[in-house]
Amino acid sequence: MPGGEPLLPFVSGWDDDSTGIEEDPNPRENPEKEILLAAENGELEVVRNIIMNNRECIHVKDGDGYTPLHRACYNDHVEIVDILLEHGADIHARTKDQWQPLHSACMWNNTKCVAKLLEHGADVNATSEGGQTPLHLAAGNSESIATLALLLTHPLLKPDIRNKSDETAAQIARRSNPNYWIFESVEPCLNVFTHDG
């Protein structure tokens, strides 16, 4: 700038790690870290090889408590979900916020993972730290009609569970989801389960 200080380029801090700690430059050197990364990125053969060499790696958690199963579920890697479940991954593992893998799959509308988890006995009514069930999370996602349909037709679903904001999933859907009508269309079926105990 003529006669003044030179302009410096803008540097965004957006990509900085929120904890101020550098990411591990070599996560592949440690099988516990590698399986988390491979599950998240859909690297089936890497996950399979790690499990074959160290079966206990399926139970590792990252700093927030996410397991390889959580990570595979939130990125819709159904084949990895399959292999993790086949080798004993904990379908009820909880993060620091009390999310189970089913929460991760429902939040990101990964219907095939939701179906697989429910098929293996995931708790359809599990609540997070904030009282959110998988249905609450799916209700807030405008793309989630297939996931909502799957959850709403589950025989053990308790649709009237309220989160810590005192909201049901149907109330969240009415406020934020163009597919809220699905709650109304299955309501007569839900009443059979909720009124008979």
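Here the Cβ of each residue, glycine as well, is placed from N, Cα and C on the backbone.
TrEMBL annotations: computationally assigned, not manually curated.
According to TrEMBL:
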| type | residues | note |
| --- | --- | --- |
| REGION | 1-30 | region 'Disordered' |
| COMPBIAS | 14-24 | compositional bias 'Acidic residues' |
| REPEAT | 64-96 | repeat 'ANK' |
| REPEAT | 97-129 | repeat 'ANK' |
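Counting residues per DSSP class in helix, strand and coil order gives 16 helix, 0 strand, 17 coil for the repeat 'ANK' (64-96). Taken as a whole, the repeat 'ANK' (64-96) shows an average pLDDT of 98 in this prediction.
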